[in-house]
Amino acid sequence: MLLSEVLQVLRGAGKVGAAFTSTQGEQLRLMACNSTFGAGMKAAAEAVEGVMGTVMGGGDMTSKTDEFAGIEKWEEMDLDEAAKWSVASEMPPDFSSKDGRGETSETPVGAATGTIKGAGWPAQNTRFLHVSASQHHFRFVHDSIVARLSPEDIQRAREAKQNIARPVRQKLNERAKERKVPATRISRLANFGGLAVGLGIGAIAEVAKQSFGGKRSEVGALLDSPLLSEANAERIVNTLCKVRGAALKIGQMLSIQDNSFINPQLQKIFERVRQSADFMPAWQMHKVLEEELGSGWREKLSSIEEKPFAAASIGQVHHGVLPGGKEIAMKIQYPGVAESIHSDINNLMSVLKMSVVLPDGLFADSSLEVLQRELAWECDYEREAKCAKRFRNLLKGDPVFVVPEVFDELSARRVITMELVNGVPLDRCVDLDQETRNEICFNILQLCLRELFEFRFMQTDPNWSNFFYNSEQNKIFLLDFGACRDYPELFTDHYIEVVHAASVGDRATVLKKSKDLKFLTGFEAKAFEDAHVEAVMILGEAFASAEAFDFGTQSTTQRIQSLIPVMLRHRLTPPPEESYSLHRKMAGSFLICSKLKARFSCRNMFLDVYNAYKRQQQERRSQV
């Protein structure tokens with residue numbers, strides 16, 4: 001009897017010892033992965049477990065399985081969830097190791113996150129056991145975790161953390177579909193007609209939902225309307241992604257506004273428009289290449305991928321390789337887009353006028369005239385190639401910005417080929433450290449000022465995907481030069497004085513120079529003059545103080561929005577033609593800084609540009 005009780009006690013002690021060995025051995029392994037003595041510690045831990053396992057006779061471990069319910073599902077893991085776990089805290093959310101090199105893969109924003117097999121990490125519905133070092137009570141997970149996580153994996157994770165935005169190859173958004181581009185005006189009109197009918201039905205449903213207890217958006221956005229409900233926004237996006245061209249370009253412009261301009265539900269859906277349109281089938285792409293480059297176009301390439309890695313409003317981009325091995329990006333324009341600019345904009349405006357009432361002070365006709373001219377520029381790839389070469393020459397030797405090389409032998413009116421660049425668009429840089437984000441945004445804003453006041457030649461499309469950041473080289477690659485334009489000297493002479501006056505609080509000079517620029521006729525109501533000057537002063541705040549300006553917390557957009565109703569009500573003349581593209585670019589640059597939550601002083605940046613401009617101005621006048 002006594003002997004049997006002793007044996008039971010010993011058996012129980014054996015189980016306790018085995019469990020203790022397992023948990024403490026697990027701790028040793030995790031410590032080993034982070035230690036310079038990793039290999040030796042790992043071997044020691046394995047030896048201890050081997051000896052203890054023999055002594056304890058392979059104790060019953062069923063309690064371990066019971067304790068970690070659902071352990072058989074741990075082979076599948078959501079990559080984003082892994083980043084939240086203690087051991088994986090050194091990994092960026094999109095880190096994966098495929099071939100031992102620790103390469104990263106880019107997942108398009110909004111794409112569904114897949115599962116990773118064999119990663120050995122718990123699934124999302126599994127909670128990690130807390131570790132309390134102060135109580136000396138350690139509990140860890142199953143052996144398979146450490147078995148799949150070597151010291152080399154940890155080192156690669158640490159390196160990846162320092163290069164969250166390391167260069168990766170672009171991928172087409174998973175939402176994009178292969179669909180023939182409607183190339184004739186009649187086929188494009190049919191799509192817009194179907195959209196108008198769908199919007200009407202959707203608006204009736206939205207009004208009914210609001211009338212019977214549905215909640216109306218509380219955001220007082222300018223484009224907030226029952227006709228622009230989320231369901232109707234889906235209809236708009238699907239149509240724009242199908243027809244592409246000028247209509248899609250307008251949708252992409254809306255996507256980079258903040259929710260002070262459009263309601264947040266629409267903004268999320270228009271974000272899909274910005275990221276990727278549908279792409280044309282291979283036969284349609286081949287037809288364009290043959291018409292532009294001739295029947296022997298394939299002989300100029302070593303290879304080309306049939307499916308594009310990016311699809312935008314006017315064209316899609318394919319990866320290719322030259323006979324010498326150089327990688328290229330070939331942008332191919334959708335058929336019928338250039339010929340349909342005027343009709344597309346008229347069709348879209350007809351739909352938009354159903355949705356919102358456009359105030360007279362918006363001068364929509366003037367805006368559309370400027371927009372049509374700019375879209376015609378963007379459809380001329382020969383013009384874009386010249387602009388890209390001009391920018392490449394202006395920024396030659398620049399320590400930050402790089403313009404890819406253009407290959408003339410593979411470029412024409414509807415095809416432009418440039419060298420392939422590696423990096424990530426700026427909206428993927430939000431997780432970089434504060435110092436790096438500040439540096440990126442400082443350079444972007446400084447370039448904006450240099451383009452206007454030094455080059456008097458600006459790339460006016462502020463789409464975040466037109467700026468690719470390469471963390472390994474610490475360079476920003478500039479892409480898409482279709483929207484480039486010159487600014488006359490007389491315009492910049494007055495405009496720089498407006499910005500300078502705003503930075504020093506000189507309201508009288510702001511008003512005078514605004515009249516010189518034809519923003520005002522001189523016959524406007526006092527309310528309009530005050531609102532205009534106040535809007536300019538708000539925009540000048542970033543350049544007014546020597547202290548760091550916090551773009552992430554500023555309320556610039558909201559404050560200007562409060563002035564818009566007054567300006568639209570009392571405006572007597574459309575703004576100067578140059579201001580449309582200029583203000584789009586400047587607003588986009590500020591939004592980049594806001595999205596990346598940058599903090600830096602802008603005053604000296606502007607003063608350097610201003611003083612250099614005044615010196616050049618004096619030199620020009622002395623020569624005359």
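Numbers here mean position along the shown chain, with the first residue as 1.
Cβ atoms are placed via backbone N, Cα and C, with glycine included.
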Of 89-92, 249-252, 585-588, the range Swiss-Prot labels motif 'KxGQ motif': 249-252
Of Asp398, Asp433, Asp480, residue recorded by Swiss-Prot at the ATP site of Ser313, Lys331, Met418, Glu419, Leu420, Val421, Asn466: Asp480
Correct range for motif 'AAAS motif' (source Swiss-Prot, candidates 310-313, 442-445, 498-501): 310-313
Most crowded position, judged by CB atoms within 10 A, among Met418, Leu420, Val421 as binding-site residues: Met418
All-chain count of other Cβ atoms within 10 Å of Ser313 (ATP binding site): 25
Within the motif 'AAAS motif' (310-313), residues counted as helix, strand or coil by DSSP: 0 helix, 2 strand, 2 coil
Integer average pLDDT (0 to 100) for the motif 'AAAS motif' (310-313): 80
Cβ neighbours within the same chain of Lys331 (ATP binding site) - under 8 Å, at least six residues apart: Gly315, Gln316, Val317, Tyr381, Val415, Ile416, Thr417, Met418
Cβ neighbour count (within 10 Å, all chains shown) around Glu419 (ATP binding site): 16
Number of Cβ atoms other than its own within 10 Å, given for Asn466 (ATP binding site): 18
Asp480 (ATP binding site), number of other Cβ atoms within 10 Å: 22
